There are 2 protein chains.
Amino acid sequence: MKILVTNDDGIFSPGIKALARAMSALGEVYVVAPDVEQSAVGHGITVRRPLRFKHTAAAGLDPIPAYRVDGTPADCVVLGVHLLGRPDLVVSGINIGVNLGLDLTHSGTVAGAIEGTSIGIPSIAFSLDVGSRNGMDFEPGAAEAVRIARWVAEHGLPEKVFLNVNFPVNAPRGVRITELSTHHYEDTVVERVDPNGVPYYWIAGKPTGSEDPGTDLWAVRDGYTSITPISLDLAEHGFMPALRAAFEG
Amino acid sequence: MKILVTNDDGIFSPGIKALARAMSALGEVYVVAPDVEQSAVGHGITVRRPLRFKHTAAAGLDPIPAYRVDGTPADCVVLGVHLLGRPDLVVSGINIGVNLGLDLTHSGTVAGAIEGTSIGIPSIAFSLDVGSRNGMDFEPGAAEAVRIARWVAEHGLPEKVFLNVNFPVNAPRGVRITELSTHHYEDTVVERVDPNGVPYYWIAGKPTGSEDPGTDLWAVRDGYTSITPISLDLAEHGFMPALRAAFEG
């Protein structure tokens, strides 16, 4: 089995190292990841400029082949598939910080899984809740990731569906299959003035959302690994009759 | 009613001019749009650098207030809401080219509507199928956009749901409420060598997808305006029992 590993924190992140090494238990692993952090880039693909694709021994992943790209996680999946061959599985992460609820559309980690799913490859996004950046431990999550990836390799996933997985701060108490919560970053804008007296604006976000039972946020905060199956068939069928009555005919 | 108009083709696009002017029939319009084309950026938000927000008389939208941002469509919605006040409606477009099927996650036009929806404002994304860039006519779509926006203003939208609207090349024969098609851009990678002998790679895409009856692609190719309601509740409930049996317990 061939496994493409990507992320959005960049190729030098400890999270991708832990994930790539753990995945070696399942097959042939190769890493294609952004050269710098790409958080909050969403599912962008770079089409207006060329990209570089460079072998990166300095990533410390030897003997796993590791390549860096000056683009987004989706770019990494596209280039990885074209230049290194089509994998059987795409895994993205382990992200430093959760990707939950309404945040999914912003997440570069999730974008790696979306790109894999779009081209028909079973895909999984992995993220770790971090209490503090000093104390974070990717190993329990990496072990759990292998168990989940093995199941996906054996059973497959429905068409257009991928798994979004979040690990709790400490070693997980178990697994919960969850709904998406209302978790998102409440946008705030900080206004400042530059040395030339011209204003500039910085978007910041405060994590918010309620820990309703059964949701992804609830599960990770309760110490469980959260797995949410995500569908790329985004149409809301329940609202179609009202729209048909209003606009068709 | 206050209406925020954004897009991903940039503030100087004829598509945003047509949409903003038409929307003036419904209320107070303001335009906040990227300074340059942001196609395929997905739902990215710029959090690692500051942004500028500049009044842009040269957009030719006078007397409609128009501001340009050196960022993504989602950035434009965030800054517009914070600096100009919360609108009653967010509209994005009219994009030069369709946004259909699996492309939605890449689309900057759709990202504007996703951002509006995420912060609880009814939102609509508008795109125009273009036969050739010389012959494109935004006026029939702009008139249809007013009719759709008026309906949304009167009836509202379900929570976490927005409308993705695509107009056909010529004046529409009517409206079809549609499913998402399999339409996407089949990624290809063009490899070249730079003047220093170093390879570089350019991602290109060929539009593909089948015109199955009832889908967005079928509707626009058949000469209809396509409206697809899109939900941001991405969880795939049908797959949860299988996952629960495998991982919980």
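Positions of Cβ are set from backbone N, Cα and C atoms, glycine also.
TrEMBL names A:ASP8, A:ASP9, A:ASN95 for binding divalent metal cation. Of A:SER39, A:SER181, A:SER210, A:SER226, the residue it gives for the same site is A:SER39. Highest Cβ count within 10 Å among the binding-site residues A:ASP8, A:ASP9: A:ASP8. Least crowded of the binding-site residues (A:SER39, A:ASN95), judged by neighbouring Cβ atoms within 10 Å of its own Cβ: A:SER39. When the C-beta distance to chain B is held to under 8 angstroms, the binding-site residues A:ASP8, A:ASP9, A:SER39 reduce to A:SER39, listed in sequence order.
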